[in-house]
Amino acid sequence: MDVADAHVGQLRVRDEVGVRCQKLFLDFLEEFKEDGEIKYLKTVENLVNPDRSTLEVSFEDVENYNQTLATAIIEEYYRIFPYLCQSVSNFVRDRTSLKKSKECYVSFVDVPTRHKVRELSTSKIGTLIRISGQVVRTHPVHPELVLGTFVCLDCQTEIRDVEQQFKFTNPTICRNPVCANRRRFMLEVDKSLFIDFQKVRIQETQAELPRGCIPRSVEVILRAEMVETVQAGDRYDFTGTLIVIPDVGALQLPGAKAEIGSRHKQGDNAAEGVRGLKALGMRDLNYKMAFLACSVQVTSSRFGGTDMPMSEVTSQIMKDQMTPAEWNKVYEMSRDPRLYQNLINSLFPSIYGNDEVKRGILLMLFGGVAKTTQEKTTLRGDINVCIVGDPSTAKSQFLKQVSDFSPRAVYTSGKASSAAGLTAAVVRDEESFDFVIEAGALMLADNGICCIDEFDKMDPHDQVAIHEAMEQQTISIAKAGVRATLNARTSILAAANPIGGRYDRSKSLQQNIQLTAPIMSRFDLFFILVDECNEVVDYAIARKIVDLHSHIEHSLDQVYSREDVLRYIMFARQFKPVIQPEAMALLVENYGHLRQRDTGTTGKSTWRITVRQLESMIRLSEAMAKMECSEEVTERHVKEAYRLLNKSIIRVEQPDIHLDEEEGEENENVMDIGEETPEDTPRTNETEENDQDTPAVAKKKLTLSFEEYKNLSNMLVIHMRNEESRMESEELDREGISKTELINWYLSQVEDQLESVEELMERKVLIEKVIDRLIYHDQVIIPLKQAKLGETDQDDAGDQDVLLVVHPNYIVES
């Protein structure tokens, strides 16, 4: 609507629809009541302040008051917006001492329908709509001429309140009836009205983006109090209208200037007349769509992510936002005794095994508690996880599932990402040529998760760029005269391949991956996945993959739906557990163990243990407490955090030990070291009876977890070394302990746990298998086969009485 075109002399065209809406809206402001009082009377008093000029109105109130008025505002918003602002000005002036020269504006919130950026089309121009998107670029604030006062240079007539149509607009004609001037006007700056103006660019969010499509973006124009209220990387709801503005940037392309210059290079044609105006580089004025916003609100989806300020959210607020069925489900999940296991099964149903990795990622989703010290130093609460492993160990699958599951997650590849693409870039605006900041992946994932695949393929100078973001959670920029510190409160989930494609167990973690020590120390958890040839594991993985391809619905073992898990994580994140004194003492003790192991000559740590690992333990303990909706961090939470941290730092991820597979290797090794073959070994009645009893027990598969196997082997080794020390101190003429004595000692240690003869026989077979594995596979125990004078081969009946000693170079690992 160009109001200036309507002026002929002193006449103005009367818009009946606008005037009618102005009266109805003024009646709404004066009559709408809530709790017996006029709702907008109190907020009007704030508009007297010089820095306030906008009245915020809930669109739901307008719908409840007059449906016809609400429909007119929706359909003809841009047309009647000046009349609505005039209603606000009249309403304020009637009740306060507002200056006549001050303009007031209206902004609507709670508009029911939300549109995506991709859905914007010319049919929505001029209507009131609400769009949502992620801010990727913010421009500096500029003054905008809204109502200009001009002076006619022919008759000196003053022409007031000439509306500007998104570009500098002169009056169409002088308002003096006797003056026909249409071109010669001068702007009176001191009598014109300027307001603050800021342009931002929003982009489709990752969740709304169709697969394989480039994200769409749109320019959003902010005015008055709305300037400087948005930050790059955050998601907002913008309420306003779609407008068409001149594409000034297209007029400034270099082609026109070059063509004009070529026409005037030769001076001999200077006296010629002007011909061929189109060849002078004149361009048609193009237009583009933009969004004129009247209100800005942070996107606060019900349970879609962490967009709500977590410092303001309480359990009661979140309970009020749930339906009774949703709240009952959250309460039921919080009381689940197997919640830890059920959550990881529901979160990664299509990935077999790797439970420790799943637990680490689950705790990363809950996060720790961010804290601020008295010196205003921020201690991060986000947990960073790195997965290192051989090809085809589901590293990228973990990242893709997390990026699809988390509502505010950004997935990127390390090789295809630069330092500016990860942090922030300083680019030049195509219209004003000012330098502006464009958000990178870490800023776009603010309050979310940034998944970086092929992390080891990044260039070293690009890895250095995220040092600050990983620990201080800020990004500092000093480029092209722009100095800024931006938020990057994100958790980083990275995946990397070892050097050479395969993990070398003989080397430490730092020797296996191309990451610097500063980067490695900033990760809270490192998980190492090794692709080992194991018949049982390979069969289970193959069965899982075939099931997924054949009947996907039936192969997923999900206890809770993804919506239930997301709702529960959102609810649990608002807890801020406090560390109890007992847990505090255990944290210090565990940290001391890690440091001692690191400084010792026999240390097995993958890198230096620093205070950052202590902070990692604290964050993991807080995440465990959050998962259980607990207000306190107890010793149990600290033990699980220490176990996870210890597992990721100290040793490679190990599969279960299948003792049945060692029988063949044992027989081969017996022949290799010169023992008698089973056919040559004399058989006694006692051994025949044992052979008859053993198969019935041994038919059961013997499988131990790696931790159980190590605990059992350490128990045997420590006892054998104690016996060796005792024999040496007593000067006994004997070396080592027999296998029978070792088995009997172990059975005496666990006799309290045995309730039947069958359990005793099972435990006996188990310890025999463990000892055989320690002898023939791990070579931790050495059998002594030294024959003495007077002994024959028949005296060595079987290997039960073989003397066993511990390898002198073996070191017990805790």
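A Cβ is built for glycine as well, from the same backbone N, Cα and C atoms used for every other residue.
The ATP binding site annotation in Swiss-Prot covers S392, T393, A394, K395, S396, N497, and the record cites similarity to another entry as its basis. Sequence-distant neighbours of K395 (ATP binding site): residues of the same chain at least 6 apart with a C-beta under 8 Å from its C-beta are I387, G389, D453, A495, N497, L529.
Per Swiss-Prot, the feature compositional bias 'Acidic residues' maps to 659-679.
Summarising the annotation, Swiss-Prot assigns domain 'MCM' to 339-545 and lists sequence analysis as the type of evidence. For the domain 'MCM' (339-545), the model gives a mean pLDDT of 81.
For 656-696, the entry in Swiss-Prot reads region 'Disordered'.
Feature annotation from Swiss-Prot assigns motif 'Arginine finger' to 521-524.
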Looking at the binding-site residues T393, S396, the one with the fewest other Cβ atoms inside 10 Å is S396
Most crowded position, judged by CB atoms within 10 A, among S392, N497 as binding-site residues: N497
In the motif 'Arginine finger' (521-524), how many residues does DSSP call helix, how many strand, and how many coil? 1 helix, 0 strand, 3 coil
Once near-sequence residues are set aside, which residues in the chain of A394 (ATP binding site), 6 or more away, have Cβ atoms under 8 Å from its Cβ? I351, N354, L529
